[in-house]
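Student: Take a look at what TrEMBL says about it:
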COMPBIAS  1-26  compositional bias 'Basic and acidic residues'
REGION    1-33  region 'Disordered'
TRANSMEM  99-121  transmembrane segment
TRANSMEM  141-158  transmembrane segment
TRANSMEM  165-184  transmembrane segment
TRANSMEM  190-212  transmembrane segment
TRANSMEM  224-247  transmembrane segment
TRANSMEM  253-272  transmembrane segment
TRANSMEM  333-351  transmembrane segment
TRANSMEM  371-395  transmembrane segment
TRANSMEM  416-437  transmembrane segment
TRANSMEM  443-467  transmembrane segment
TRANSMEM  479-499  transmembrane segment
TRANSMEM  511-529  transmembrane segment
Amino acid sequence: MSTNDAKNDVSHSVESVNEKGHEKDASSTTGSEFDFVSYHEHNAGRLVVDPEEAKIEFGEAVAKKLKLSKDGTKVLWPQPTDDPEDPQNWSDFRKNLQLFLITLAAIVPDFDSGIGIADIFALATQYNTTTGHINNLTSNWSIFLLGWGGIFAVMLMRRYGRLPVLFWSQVLALGFLVGCTFAPNLNTFTAMRCLTAFFATCPQVTGLYVVTDLFPFHLQARKLNIWTMGFIISPFLSPFMMGFIVARISWRWTYGIGSIYGAIVVGLIALLGEETMFDRKLPNPRPIPRPKSRLRYRIETLIGITGWRMAQFRDSWSKAIFACINVVWRPHLFAILLFEAMVFGFSIGINTTNAVFLGTPPPGGYGFSQFGIAGAYGTPIVAVLIGEVLGRYFNDWVMNFCIRRNGGVFIAESRLWTCYIAMPLYICGFVLLGGSFQNHLSVGALVMGWGIAEVAVMINTVAVYAYCNDCFPRMQGEISALINLARTLGGFSVAYFQVPWAMKNGALQTFGVEAAIVVGLFLLIVPTLQLKGGILRERFSM
C-alpha cells in the first residue's frame with residue numbers, strides 16, 4: 001500500500017470532535033487527532049485488522065494505543081473504552097449469557113407463528129373452513145406483520161435502549177398468544193395471532209444490536225451465526241413438536257405450551273437480561289448517576305425508566321423515525337436485500353406449504369398422518385444445525401484468508417464469498433424437493449432436498465447479515481429490521497400461489513422456477529457488489 005493511500009485512510013478517520021459534540025479518547029501529540037471511538041464507523045467496510053498494517057497506515061504513535069485481541073493478532077473494532085461497564089469489556093461468560101438470552105428470545109416469533117402450521121387441519125375443522133383459508137387469513141398475514149414490527153422496535157431502541165423494548169414487546173406478545181389459546185372464533189384468533197407476530201418480532205432485530213454491542217468485529221460473524229440459527233430453526237420447531245401433540249389432544253394445548261415457553265423467556269429476560277447499549281460517543285457515557293441500590297437500578301433499567309432519562313442524550317425522534325428510510329435506498333443495501341428476500345422468502349413458503357403437500361392424499365401429496373407430518377419437520381431442524389456448524393468455520397476461514405490476502409485489511413465484500421457455497425446447495429435442494437413432490441419419490445429424497453435447501457438458507461443469511469453490518473456499522477438496528485422485513489415480505493405471499501401452482505403445473509416447475517429466480521438474482525447482484533462494492537460504499541455509506 002502506498003504512503004498516499006495510508007495518509008488518505010488516516011485523514012478519513014480523523015474528525016473534529018467538537019463538531020460532533022464528543023470528546024476525543026486519544027490525547028498524545030501524534031495520535032491526539034485519531035478518533036479511536038468512531039474510526040470503524042467512518043471507514044465502513046474497510047478495517048485495518050492486522051497490528052503490523054496498523055503501524056503502516058496510522059503510524060507508530062497511534063498503533064501503540066490500539067487495543068488488540070487476547071492473542072495479539074487482531075485490532076479490536078470498536079476500540080473498548082477504559083470503563084469496566086463498557087459491554088466490550090465484560091467477561092466472556094457475561095457476554096455469552098446475553099447472546100444466549102437473545103437467541104432464546106429470537107426463537108419466539110417464528111415459533112409462535114409456526115404453531116399454526118402444526119394446527120392447520122385442526123383449525124380448519126374447529127372453525128369449519130379449509131386449510132387454504134386458514135393459511136391465507138392467519139399464517140400469511142402473521143408472517144407479514146413479523147417484518148413491520150421490527151421497524152417500530154428499532155425506533156424505540158434508538159431512544160430507550162435494548163432491554164426495556166425487548167422486555168415489554170415480549171410481555172405483550174405473550175398476552176396476545178394467550179388470546180390465541182382461548183380464541184372463541186376465527187376472527188378473534190386471526191387478530192390475536194397477527195398481534196402476537198407484530199410484537200414478538202423484536203428479538204429478531206435486537207440480536208444484531210446485541211452482538212455488535214458485546215463483541216469485536218472479528219468475532220461478530222461467529223456470534224451472528226448462533227443468533228440467526230435461533231430464528232431460522234424456530235419455524236420448524238413448533239410444527240415438529242406441536243404436530244405430535246395436536247395428533248392426541250386439542251390444538252389449544254399447542255398454543256398453551258407456546259405461551260409457557262414465552263413466559264419462560266420473559267422471566268429469563270427479567271432476571272438475567274442486561275442493557276448492552278453503551279453511549280461511548282458521549283464525553284461521559286453514563287451522564288445520569290446510578291441509584292445506590294442495585295435492585296432499584298435493575299428494575300428501572302428493565303422497565304425503561306433509565307432509558308427514558310437517557311433519551312435526551314440520544315437520537316431525536318425525527319432521526320430515529322426516518323433512519324430506515326435514510327438507509328434503505330442505498331444501492332448496495334437495496335440489492336442485497338432483494339436477493340435475501342427471495343432466498344429466505346421461498347424457504348418460508350416451503351415451511352407454510354409443506355404441511356399441505358405432506359398431508360394431502362395421493363396423487364396430490366404424500367398422505368402423511370399427523371405424526372408423519374410432525375416427524376418430517378425434524379429434517380430442517382437438523383439441516384439448520386448443520387448449517388450453523390458449516391457457517392461458523394467457513395465464515396471465519398473466509399475472513400482470515402481475505403485479511404491475509406489484502407495485507408491485513410478486511411474488505412466487507414469478502415463476506416459474500418460464502419454465497420457461492422450456498423447457491424449450488426440451494427439449487428440442488430429446491431429441485432430435489434420439487435421432484436420429490438411431483439414424482440412421489442422416496443421419503444429419503446424428500447428429506448435430502450428439504451435439508452440441503454435449509455443448509456443453504458442458513459449459510460447465505462449469516463453472510464448477508466455480516467456484510468450489511470460491515471457496510472453500515474452505525475445502523476445495526478435498521479439493517480437488522482430491513483433484512484427481517486425483506487425476508488418476511490419475500491415469504492408471506494408464497495403460500496398464496498405455491499400450492500395452486502404446484503397442483504396445476506407440477507411441484508418440480510414451481511420449486512425449479514423459484515430456485516432459478518434466486519440464482520438469477522445472485523448472478524446479477526453478488527459479483528457486481530464484489531466488483532463495485534468499494535465504490536458504492538465510498539459514495540453511499542453513512
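Quick reminder: no glycine exception, Cβ is built from N, Cα and C everywhere.
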Student: At least three Cβ pairs under 8 Å linking the transmembrane segment (165-184) and the transmembrane segment (253-272), pairs spaced 6 or more in sequence?
Tutor: yes
Student: Assess whether the transmembrane segment (224-247) lies in contact with the transmembrane segment (511-529), where contact requires at least three Cβ pairs under 8 Å among residues 6 or more apart in sequence.
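Tutor: No, the transmembrane segment (224-247) and the transmembrane segment (511-529) are not in contact.
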Student: At a threshold of under 8 Å on Cβ distances, which of 99-121, 141-158, 416-437, 443-467, 479-499 pairs most often with the transmembrane segment (333-351)?
Tutor: 479-499
Student: Of the stretches 371-395, 416-437, 443-467, 511-529, which racks up the most C-beta pairs under 8 Å with the transmembrane segment (479-499)?
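Tutor: Stretch with maximum Cβ contacts: 443-467.
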Student: State, in range form, which of 99-121, 141-158, 371-395, 416-437, 443-467 has the highest count of Cβ pairs under 8 Å to the transmembrane segment (511-529).
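Tutor: Top-ranked stretch among 99-121, 141-158, 371-395, 416-437, 443-467: 416-437.
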Student: Looking at 141-158, 371-395, 416-437, 443-467, which one has the highest count of Cβ pairs under 8 angstroms to the transmembrane segment (99-121)?
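Tutor: Selected stretch: 141-158, with the most Cβ pairs under 8 Å.
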Student: State the residues, same chain only, that lie 6 or more residues beyond the ends of the transmembrane segment (141-158) and have a CB under 8 A from a CB inside it; answer 'none' if no residue qualifies.
Tutor: 109-110, 113, 116, 165, 169, 190, 193-202, 204-206, 209, 277, 314-315, 319-321, 323-324, 348, 352, 477-478, 480-482, 484-489, 491-492
Student: Go through the chain and flag residues at least 6 beyond the ends of the transmembrane segment (443-467) whose CB is under 8 A from any CB in it; none is fine as an answer.
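Tutor: Tertiary neighbours of the transmembrane segment (443-467) are 208, 220-221, 224-225, 228-229, 232, 236, 336, 339-340, 343-344, 347, 350, 354, 366, 376, 379-380, 382-384, 386-388, 390-391, 394-395, 412-413, 415-416, 418-419, 421-423, 425-426, 428-437, 479-480, 483, 487.
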